[in-house]
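A.B. asks: For reference, the structure I am asking about is given below.
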Amino acid sequence: MSVAELKERHLAATETLNNLKQRLNQTRRSLLDTDVAGYARSQGKNPVTFGPTDLVCCRTLQGHTGKVYSLDWTSEKNRIVSASQDGRLIVWNALTRQKIHAIKLPCSWVMTCAFSPTGQSIACGGLDNVCSIINLNSATDKDGNLPVTRMLSGHKGYISSCQYVPDEDTHLITGSGDQTCVLWDITTGLKTSVFGGEFQSGHTADVLSVSINGSNSRIFASGSCDATARLWDTRVASRAVRAFHGHERDVNSVKFFPDGNRFGTGSEDGTCRLFDIRTGHQLQVYSQKHSDNETHPVTSIAFSISGRLLFAGYTNGDCYVWDTLLAKVVLNLGSLQDSHESRITCLGLAADGSALCTGSWDTNLKIWAFGGHRRVI
């Protein structure tokens, strides 16, 4: 069989596959006769309500001199690490606002940071294409700075996001501008698996965010500039398990729902969405214009420990608290006293759900405490 004949057969097979995918998607859409909010309303569910003292800014963490781009909590909830364009990581005592460490980085263009599960190490990365590991128990150098203890090199683009595998200080996953995600063995500094790249089922543009399933650490999701989110299984390297469509622009943030069966996304198109990983269906869209009647991009999202609330940060400084069940905004932190003065870039919830931390281009982090019964939402 000639090369021309093989190419012709390949084109015909590709066309048949695309037609089948289109028919499958049409069938799926025809079966989606309602969304989460529609079903909840039909069951007479009432939205969550917030009083003036249910969520308040209790602390402002000041110390960075550049835009804050990323933050993470330790599992014991009393420490926060933040990464800023001032070229430093700061480890904070979340209860006292005290700076525990101020770590000068070899590359100031840091974009992401994450605590290890034990809280003894920090991973960070950015425009140097390297994920750096810093052991907080290491001896400081002559300048009083904590050294980088391991450099994970191999990405061909910037490091946009990183997350340790739950309950392991030895493995983490990174997302990169080279369109791939990588599972790393920190002990050896080597890649364990690469997800995406030249394979058709991978992302076709920069990966912006990753989230590991808390119920099954072999599963993780990624969001990309190709306007899709994808689901991966670390036991099946390279090829995505499923692709999730719906967004019209970059998917800036992905986060798994607490039960592990769903995940949320936040996008440059100004919407958040909820997807089911078992069926591939989009369950809900969270979209509402802001006080200036404009639609602003979503930069970061997080769920409350029960999943009833979705927190979404926006480029105009708003931070919406969504009722995930009824798709209603129940509070805007941007309208409260002591709110941020600029773009919200990152946010995260304490492990016990008692507080939310937000980071901003205004160089500050703010801790928002839940009052009374709100601690269990």
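In case you wondered, yes, glycine gets a Cβ from its N, Cα and C as well.
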A.B. asks: Give the range, chosen from 3-30, 143-170, 199-226, that TrEMBL lists as coiled coil.
C.D. replies: 3-30
A.B. asks: When secondary structure is assigned with DSSP, how many helix, strand and coil residues does the repeat 'WD' (152-194) contain?
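C.D. replies: Helix, strand, coil within the repeat 'WD' (152-194): 0 helix, 25 strand, 18 coil.
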A.B. asks: Using DSSP, what is the helix/strand/coil residue split across the repeat 'WD' (244-285)?
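C.D. replies: Within the repeat 'WD' (244-285) the tally stands at 0 helix, 22 strand, 20 coil.
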A.B. asks: Please indicate, using numbers and ranges, the residues of the same chain that are 6 or more beyond the coiled coil (3-30) and have a C-beta under 8 Å from a C-beta there.
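C.D. replies: Same-chain contacts beyond the flanks: 279-281.
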A.B. asks: Please work out the helix, strand and coil residue numbers for the repeat 'WD' (291-323) from the DSSP assignment.
C.D. replies: 0 helix, 17 strand, 16 coil
